[in-house]
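What TrEMBL lists as transmembrane segment is 20-39, 72-92, 104-125, 145-165, 186-203, 209-227, 248-267.
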C-alpha cells in the first residue's frame, strides 16, 4: 500500500515537472527570435555604417541601406550575429545558478542567430546575393564555383553544429526529451510568428517579408523537427517558474520591435 502511494506521488511530481510552461517558453522564444534581427540589422550593419562615415537610410527586419555601402558594412550584420551567438553560448555554459528561463533565452538566441547565418551562407552562394556575396564580390570579385562550394559547406557545417548544440541545450534545460521537444517546437512557432507578423506590416514590400521568414522561420526548421529519443528518461532539469511580468514585458518589447524594425525605419539621404 505504501509503495503504491509512493508511486502515485512520484508520478504526480513527474507529471507536474513535465507540464508545458507556456507562460515562460513562449515569451522567451519571442524575445530570442527578435534579438538576432536587432543584432544583425540595427547593431551589426548600423554600427559599421556609422563607423565608415555613413548613415542608415532603411532599417527593417531583413533590410539595411547605408549611404556608404562598403564591404565592411555588409560584413557587420553576419559578424555581429555570429559573435552574439558565441557570447550567449559561453554565458549559458558558465551559468552556475539554475535559471531555466535565462538558459532557454541564451540557447535560443544562439540557435536563431547561427541557423540564420549558417543558412544565409548557403543561400548567398546559391542565389548570388546577400551580405556575404556582396562582401566577397566587392573585395575578391564574384566567387567562383570552388569558393562558393567552400562557403556553402562552411555554412552547412555551422548549421549542423548549431543543431546539435541546440538539441543538447534544450535536453539539458528541459530535463526530459518529451518536454524538450515541446519547448523546441513551440519556440520555433512563437519566434517565427512574432517576426513574421511584425514584418507583415512593413511597406517595404514582399521581399522584406520573405527574407524575414527565411532568416528565422525556414532557417530555424531544426527547432520544429526536434524529435525526442525513443524510450523514457528521468526528469533531471530545474522546473520552469512562471513570472507574471515576463509576458507583459515581452508584449511591450514586441510592440516596440514591430513599430520600428517590423514596419521599417527610413531616413532621408
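Positions of Cβ are set from backbone N, Cα and C atoms, glycine also.
Where the annotation comes from TrEMBL, it is an automatic prediction and has not been curated.
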Cβ pairs under 8 Å between the transmembrane segment (104-125) and the transmembrane segment (209-227), at least three: yes
Same-chain residue ranges lying at least 6 outside the transmembrane segment (209-227) that approach it to Cβ under 8 Å: 33, 36-37, 40, 60-63, 111-112, 115-116, 118-120, 123, 159, 162-163, 166-167, 170, 180-181, 184-185, 187-189, 191-192, 195-196, 198-200, 202
